[in-house]
Amino acid sequence: MRVVLFSSQSYDRGPFEEANKTFNHEIIYHNFSLNKDTVSLAGKAQVVCVFVNDQVDADTLKALAENGVKLVALRCGGYNNVNLKAASEYKITVVHVPSYSPFAVSEFTVGLLLSLNRKIHRAYVRVREDDFNIVGLLGCDIHGKTVGVIGTGKIGSNVAKCFKMGFGCDVLAYDINPDKKLENYGVQFVEQNEVLKKADFLCLHCPLTPSTTHIVNSDSLALMKKGVTIVNTSRGGLIDTKALVDAIDSGQVGGCAIDVYEGERNLFYKDLSNEVIKDSTFQRLVNFPNVLVTSHQAFFTTEALCSIAHTTLKSASDFYTNSLDESVIANK
């Protein structure tokens, strides 16, 4: 069958071609995003494959349905960029990759926190410029500190265990469906506000839903310890960026490391080095010396890309043989 990938990059082709040796689909790669203006370029696809910043809204889904598309496959875990209600109305099934490599994201989370705390990214730049002064690079021991984890799916659980067992931290966690197995590792489940109030380091690992949108806002920031460090490798919309900027400016937040941003659709996965970025909130954020921003790369490992490709193409095959695994369906 014909599978059309939107927002594909050079690094997607290898894993998809390798995985396709098992499934034998016809794959077409587009390096531009899917939206209502590019949807016609899906052509006669039977499966449309999209990524985190493709705009799969009602208009786009309507056009896909009119062209006979029955399956939209996300090559990522989240699906907040897809109008699931509209997809169901147009009888389009939406699948995602619920667990491609939880180690990739959890390891990156720990790396961000360590880099921010010990100013490793700034030290690297200094030494490259023959500046060997360490003034301004002071960090703190993570050992013995309290790490708060909101969201204890596979990624959040890995992060919680890493900080508890690897660094000797006190770990407080919150989840609407707590994984009680984590208690065997010494992780303590408490209410969300208690996590916010007690955490020295706060890690966000929950999906973006109406109830979690701007979970970090002016009110929740006011509850936190003065000087808290926040790490977000989940979804940008979990944080009200303007409120975060104000909290950093006032000193309420001591540092922030993010791999996602609520306005990233117009920024990430693009080379804008010769352009003026007109997002003033983002520009203000990245100019703080105690902020570390990466462009949604926490997932980006060889193992994760291979897993994503295999799961995506398997879902395409399974859909058309009526053997699709329920766990990958987003609009059940």
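Keep in mind that glycine also has a Cβ here, set from the backbone N, Cα and C atoms.
Around the Cβ of Lys154 (NAD(+) binding site), the same chain contributes Ser99, Pro102, each under 8 angstroms and 6 or more positions distant in sequence. Summarising the annotation, Swiss-Prot assigns NAD(+) binding site to Lys154, Ile155, Thr233, Ser234, Arg235, Asp259, His296, Gln297, Ala298, Phe299.
Summarising the annotation, Swiss-Prot assigns active site to Arg235 (among others). Listed in sequence order, the residues of the same chain lying 6 or more apart from Arg235 (NAD(+) binding site) and placing their CB within less than 8 Å of its CB are Gly78, Asn80, Pro207, Leu208, Val260. In the three-state DSSP reading, Arg235 (NAD(+) binding site) counts as coil.
Taken residue by residue with DSSP, Glu264 (active site) is part of a helix. According to Swiss-Prot, the feature active site maps to Glu264 (among others), an assignment based on similarity to another entry.
Positions annotated as active site, proton donor by Swiss-Prot: His296. DSSP assigns His296 (NAD(+) binding site) to coil in the three-state reduction, placing it in neither a helix nor a strand. Taking the Cβ of His296 (NAD(+) binding site) as centre and 10 Å as the limit, one finds 21 other Cβ atoms among all the protein chains shown.
Less than 8 angstroms from the CB of Ala298 (NAD(+) binding site) sit Ala104, Val105, Phe108, Thr109, Thr233, Asp259, each of them six or more residues away in the same chain.
In this structure, the CA atom of His296 (NAD(+) binding site) is 9 Å away from the CA atom of Glu264 (active site).
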